[in-house]
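Asker: Sharing a structure below in structure tokens format, with a few things to ask.
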Amino acid sequence: MHTADADRDMSSGTAPAAAAAPASPSQPPGEGAVSVLWSFGKCLAALLPVYLAGYYGFSISFLLLGVMIYMGYKHGRLEKEMRLKSSMYLLENEREFTTQKLFRSRRDLPPWISFPDVEKVEWLNKILQQAWPFVGQYLEKLLVETIAPAIRASSIHLQTLNFTKVNLGEKALKLVGVKAHTEQDKRQVMLDLYLSYAGDVEINVEIKKYFCKAGVKGVQLHGKLRVILEPLIGDVPLVGAVTMFFIRRPKLDINWTGLTNLLDIPGLNAMSDTMIMDAIASHLVLPNRLTIPLVADLHVAQLRSPLPRGVVRIHLLEAEDLTAKDTVIKGLIDGKSDPYAVLRVGTQIFTSHHVDSNLNPQWREMYEVIVHEVPGQELEVEVFDKDPDQDDFLGRAKIDLDIVKKARIVDDWFNLRDVPSGSVHLRLEWLSLLSSADRLSEVIQKNQNLTAKTADPPSAAILAVYLDQAYELPMRKDNKDPSPMVQISVQDTTKESKTCYGTNNPVWEDAFTFFIQDPRKQDIDIQVKDDDRAFPLGSLTIPLSRLLESHELTLDQWFHLENPGLASRLYAKIVLRVLWLSDDASPTTPSPPPSGSGSGLDQGEITSNQNSTGPGGQTKPLPSRPQNTTPDPEFATEGVLRIHLVEAQNLIAKDNFMGGMVKGKSDPYVKIRVAGITFRSHTIKENLNPVWNELYEVILTQLPGQEIQFELFDKDIDQDDFLGRFKLNLRDIISAQFIDTWYTLNDVKSGRVHLVMEWLPRVTDLPRLEQILQYQSQQSYQNKVVPSAAVLFVYVERAHGLPLKKNGKEPKAGVEITLKNVSYKTKICERSTSPRWDEACHFLVRDPRDETFTVKLSHSWGQTLGSLTVLLREVLSEPGLMLDKWFSLDGALPESQILLRVTLKILDTQLAVCRGTPGAGGDGGVEQFMPRWVPSHLDLKHRSGFSIVADNANSAAQVKLTIGYSAEENRLFIIVHSCRALAACSKDGADPYVSFVLLPDKKATTKRRTATKKRDLNPEFNERFDFDFGLEESMQRRLDLSVKHSVSFMSREKELIGKLQLDLDQIDLKAGVTQWYDLVAEST
């Protein structure tokens, strides 16, 4: 073919034959001498390191290391060049390659053969090929005339920068296939472009001042680009905007030249490509989108961050005929398995509970996932066998969510792939998004009838918050511009925006999504803070009921913030959509999975195998790797509870003598149970008023209904005697943040315990760490515990380039993370040199300035695959106290790396600010009092440290109750917490107890009574009573409650202290209501 390059060669007067001919006698005489000198110089440069190593007495290992690095570099360069050549060959000879290899595996076939709905666009490729030289001319002009001057002006060190060569080469970008989706929305056109570029591009840059040359010679890029043309309009250019993005990360491979040859060193090569891919992903990989408006007055933000396509409710029902992994006598006798399932949709991951010893398990669990793009996104279900050491793989299944959208309900069995047998039963429901609240009550009523073993109830709606910008935020205390970020909370879920540094008029343009159970009762809480999360810049609370009254359930406006700045405003668009399952939807069986389940390809993998194997038999190109981790949104949200067990008083004497005639003592100790963890104090001999002074710390996830149980026992030789118990609700402690009080023991005649509990705030304020460490160094506890100053969160995502086993097979890799004497082990992945775990763990840290943690990779906890040691002081020097990157592994291959996120949260404490620092105003070193929050229902009679004024001495007596209905247990429950301000019935106060009956029946099944508390006008009961009533029957009941004084038969003291009558239909039983109720005196 007659090309432009050929014309240039001919016009320059240098024919190819002449270039290939041997040197003629007319060759300049000095050219041969220069060639000889150059060869001599290269030999001298190669021998120079050997001479220097011997001269200075260096070890031979330095030379070997240099040789290994050079060989690795050369191997990587040659491998990359061969991959590039094989890709070029495949693209140039696609038809010949296809016809010759027609009977090879399906992965070698181009998309237009494998998938008929993917169309060839050779006419467009011919246009691109014809226009490619002119695209090169435009790029050269852009780089030389626009970009180069801008770079030279940016720094004095780059004033001599020039692009010496810009050539896009002859290999144009190629569209391997195009798939059009026109059935989704008539107002848009959706295209999937399968891009494949294996080009001979050559771009060289030179900085003459530093004699530096660098460049790129050859690039590969393969991926599926989705292009959406919307909205379609009735005027030129017919399309309002073009939106494009990659559903998955494309694959990138770059061949560097010049000084950038260093980037081809093993390890750096993948990192450099990953950095470029991250730059692409930040703009072009879902959920990021690039939107180019073509007409004026277009709402670009809505196109850039559209509402989700829908929500899929996944019912994981059961499985059958799973493979038995727990075999006996080395497989001679088949056993069972302990199966559990892992479900993934994008970054949304759910794990079911495991069923012991069952090949046909039933889970009956429900999950909800947000779907951004259909077709495109898939549901992946993997089943594993739970084992103490390594969980065995039991199979996987993939379901295209576009099938669910079309069918509305898919209820079917799906065969598990990559295993001999097994299938899983799923019910998938597509929930549409309604912009009207007309059916909200119906949706909530339906959700109440759904029962599933999941902590979260079904959602009735989805909330999308588009955070745009703010105006005139207040300045910081030092009169500097703030660095604002926003925390948006709905119930127990909090999400954070990015930080806009150094401005009081920030523009975020962030989008957030929340699941809503009942929008009639929930609020949105928006907190604008400085980047250290300590200085508030404004707040806003919006009831979701306000959205229900707005047009199309949408608020798109400026909101005034509550803060010192009167002009501070925030612009946001808040959209509520009701989740609706169509009434006429009926379960539909999806299309059968493709045959050859173990080797088939998804449509998203079409182009990834176009360059799998060229005619030279080269290996597949390495897929691009992400630069940063993508943990679950719940990562690093756990909190730390600190419990200080101080002392007890007036305990019961259990060690009696002579049949109880002589009172003795007790040897008390305490057991504390929280979140499956048990702490035990030491035993104090013969003491009814023991002082323990012990400290315990535990990391907790904030789950509803979580309790802390305290039990006291008397230590004996045979059987320990019971000395009392009480329970506390974790939510009350979290709300209070700090509690210092006495708790009365239940189920015994006397005794109480003094506790100091604190839910520790987590901050990233580094100067605060010094104050906390200084305070904690002054503390001493009987159990020798040093209070933690921080909590460490580690997210293990994946590894790359791990070494093979000694027998040449790929390893089954697991990760063990150790901090001091505490370790965490991940699951063991299937055989791979690039495994992925996606697991998180956490550790308590005493002093992050001095501590380190280690990461060890091994094959099934045996052969070591590499290790890593991280100094926590490195994390302290990072912004936000977070490291998120690839770490090189010691004792492994040069390219072996692991991707981790390491986050430190400093544990603040109110006690560290209770004492003034010397010189901080006033008298240096004088203790300053800081008020502590004390819940009103606690027993404060013997509090020390500050006095309590009886503000409510003349107020009415009250009782604290929790009344609710458990849908899972189908029963009504009433919890009697405590009473306060009871009237004295004798000179010793009162011995109160609570009795009640659920009218209209006065039977034994409807009557209940608490224990009696001796001589206590503020008693604590904390007793729960259950009734086997349905919801309708419960709402027809009337609570008749009495607080009475326990008197003897002959006593003349008043018995009734107060009464309460309450109709249960006035209470939201499904939500469960906890509050104080006034007691009516007998005279009233």
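Cβ coordinates are placed from backbone N, Cα and C, and glycine is handled just like the others.
All annotation found in TrEMBL is predicted automatically rather than curated by experts.
Worth saying up front: this structure is predicted, and the values here are computed from it rather than measured.
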Asker: According to TrEMBL, which listed range is transmembrane segment: 34-53, 54-73?
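Answerer: Based on what TrEMBL states, transmembrane segment spans 54-73.
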Asker: So what's the mean pLDDT when you look at the domain 'C2' (773-887)?
Answerer: 89
Asker: Tally of helix, strand and coil residues over the domain 'C2' (621-743) according to DSSP?
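Answerer: Per DSSP, the residues of the domain 'C2' (621-743) fall into 10 helix, 62 strand, 51 coil.
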Asker: DSSP-wise, what's the residue breakdown of the domain 'C2' (773-887) into helix, strand and coil?
Answerer: 12 helix, 55 strand, 48 coil
